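Everything on this sheet refers to the single structure shown next.
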Amino acid sequence: MRPSPHRAPGLLLALLALLALATQAPAKAPAKSLALWPWPSSVKVSPKLLNIVVENFLIDHGPNSTAGPSCSLLQEAFRRYYNYIFGFHKRYHGPAEFQGGAQLQQLQVSITLKSECDSFPNVSSDESYSLLVKEPVAFLKANSVWGALRGLETFSQLVYQDSYGAFTIKESSITDSPRFAHRGILIDTSRHYLPVKTILKTLDAMAFNKFNVLHWHIVDDQSFPYQSTAFPELSNKGSYSLSHIYTPRDVHTVLEYARFRGIRVIPEFDTPGHAASWGKGQKGLLTPCYNPSQQIEKFGPINPILNTTYTFFNTFFKEISSVFPDQFIHLGGDEVDFECWSSNPNILNFMKKKGFGRNFIRLESFYIKNIFNIITSLKKHSIVWQEVFDDGIELQPDTVVEVWKGENYFEDLKQVTSSGFAAILAAPWYLDAISYGQDWRRYYMVEPLNFVGSKKEKQLVIGGEACLWGEYVDATNLIPRLWPRASAVGERLWSPATVTNLDDAYSRLVIHRCRMVSRGIAAQPVFTGHCSHEYEMKK
Ligand SMILES: *[C@@H]1O[C@H](CO)[C@@H](O)[C@H](O)[C@H]1NC(C)=O
Ligand SMILES: *[C@@H]1O[C@H](CO)[C@@H](O)[C@H](O)[C@H]1NC(C)=O
Ligand SMILES: *[C@@H]1O[C@H](CO)[C@@H](O)[C@H](O)[C@H]1NC(C)=O
């Protein structure tokens, strides 16, 4: 349900509403108190205001929770959200004096099924939660810790500081769960290196928008910042410099920071194209490209005809599959340039022997099949860019196809899902393509399931990703370019399909953006205006 135009309840109605939770917010309510983002699946708000006295307020485990004080993931989340709600205000304005009245004293958080406190989230994680705010104790219930994290974010967005500096919250009841399981942000750390600090900030902002997948396009033609323990020369030679690398410790920092926010990290190692940087530290891995006088001129895609290529990838992906806990590895597979392969006499010879003729798609298919076999032997699943599907390359039954090309993405989704494969939609959400004005509206109005298809086909669309490719992006502009534009995608992927009112979204997004700013995220403005004093950027 989305907030509808509010009717003004009379005094009597308001009194009645004190007894029972009303389903609509009252007209005079400051819009701020309902600036939830993304909008939950069911929201009931009563006009009854509860005061929160910062010194008396507690966020803690409920008595029957399956996750107790030993769950550091939740303890840390309690501390974090306490700070988001009060920390900044306390430091800068001091507590307002409590004038008496109804009070909320505690938020009790209970995990009802399995806590999964020490595990990593995955594609089937349960992120649902329910939140009941009532005098004097609010209850947040979730099946798993992942849902509790989402509910804490929602709770933090319900608390409102009035113009006298007092904290208030309305009695309310919310039940919520995501519409799509896969809600991702793609970052590109090859075109420009992104400091770990910037990646962690991105994870913070993702949690504020209930995103749950960091798609880490970690290497590409331009640089190889991933430091491999098995093949250290890859980053020694292939990174921009030795200070532009991600050490095993850096990667671990990112993974753990993400886990604490219920975010999966899916690494992408794009091959056989987009792989120039691999060649610097791993001799013989790339295909030599020949000029017309049969001399080696440069190097092209991964060389698919050598056994050493697959020995290399066997060891490499074995490392990757143990470093990255997620069940999925993104294998890329986009934009393979066949020109180099066709210039190389050894490749042509190999193709002849294999009976491929001059069909380079069959060669690519041969390569990808070998890589799929490696990934399968490591008990991982693959994600590929749509070309791999479009080219008719044989996929594994569990391969997920990421649709990114152009305007015909509904047709592509139809093709992929009617062939029985799961799909992720990225095409309408290339946030690196910037333009003047409020392009978030365009992202917001995309309806991923707006194609003619069966229920089964639509269920195979597991989500989407907002992609920020890095040609023109580094640490100086990543955050403002992503936020709040990606927030539009966040709501589309989390909220019910009926949440489409742009005016309502605009008024909530303006406040949500200010909230992000107050939490240290340099999100750019939605339009003209200002953030109220309490939303000034953390120094
Ligand atoms: C905890 O469990 C006990 C016993 O089943 C029950 O009486 C009590 O109401 C529960 N408390 C909460 C907050 O759910
Ligand atoms: C996801 O994680 C849970 C808890 O760790 C586990 O029980 C489940 O099998 C996992 N699901 C998949 C698809 O890996
Ligand atoms: C490469 O491996 C294949 C299959 O195991 C084998 O038939 C072939 O002889 C090997 N080629 C070389 C050059 O070792």
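Even glycines carry a Cβ here, placed using N, Cα and C.
As annotated by TrEMBL, active site, proton donor applies to Glu335. Marked as disulfide bond by TrEMBL: Cys71-Cys117, Cys289-Cys340, Cys514-Cys531. Look at TrEMBL and you will find 36-158 tagged as domain 'Beta-hexosaminidase eukaryotic type N-terminal'. Marked as domain 'Glycoside hydrolase family 20 catalytic' by TrEMBL: 180-496. The signal peptide annotation in TrEMBL covers 1-27.
Known features from TrEMBL, placed on the structure.
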residue : record                    : CB count, 10 Å
Cys71   : disulfide bond            : 22
Cys117  : disulfide bond            : 17
Cys289  : disulfide bond            : 19
Glu335  : active site, proton donor : 11
Cys340  : disulfide bond            : 21
Cys514  : disulfide bond            : 24
Cys531  : disulfide bond            : 16
Which one is it: of the recorded positions Cys117, Cys289, Glu335, whose Cα lies the shortest distance from the Cα of Cys531 (disulfide bond)?
Cys117
Of the disulfide-bonded residues Cys71, Cys117, Cys289, Cys514, which one has its Cα closest to the Cα of Glu335 (active site, proton donor)?
Cys289
Can you tell which of the disulfide-bonded residues Cys289, Cys340, Cys514 lies nearest to Cys117 (disulfide bond) in space, using Cα positions?
Cys514
Tell me, what is the mean pLDDT of the domain 'Glycoside hydrolase family 20 catalytic' (180-496)?
97
Could you state the CA-to-CA distance between Cys289 (disulfide bond) and Cys71 (disulfide bond) to the nearest Å?
55
I need the CA-to-CA distance for Cys514 (disulfide bond) versus Cys71 (disulfide bond), whole Å please.
31
Rounded Cα-Cα span from Cys71 (disulfide bond) to Cys340 (disulfide bond), Å:
54
Tell me, by DSSP, whether Cys71 (disulfide bond) is helix, strand or coil?
coil
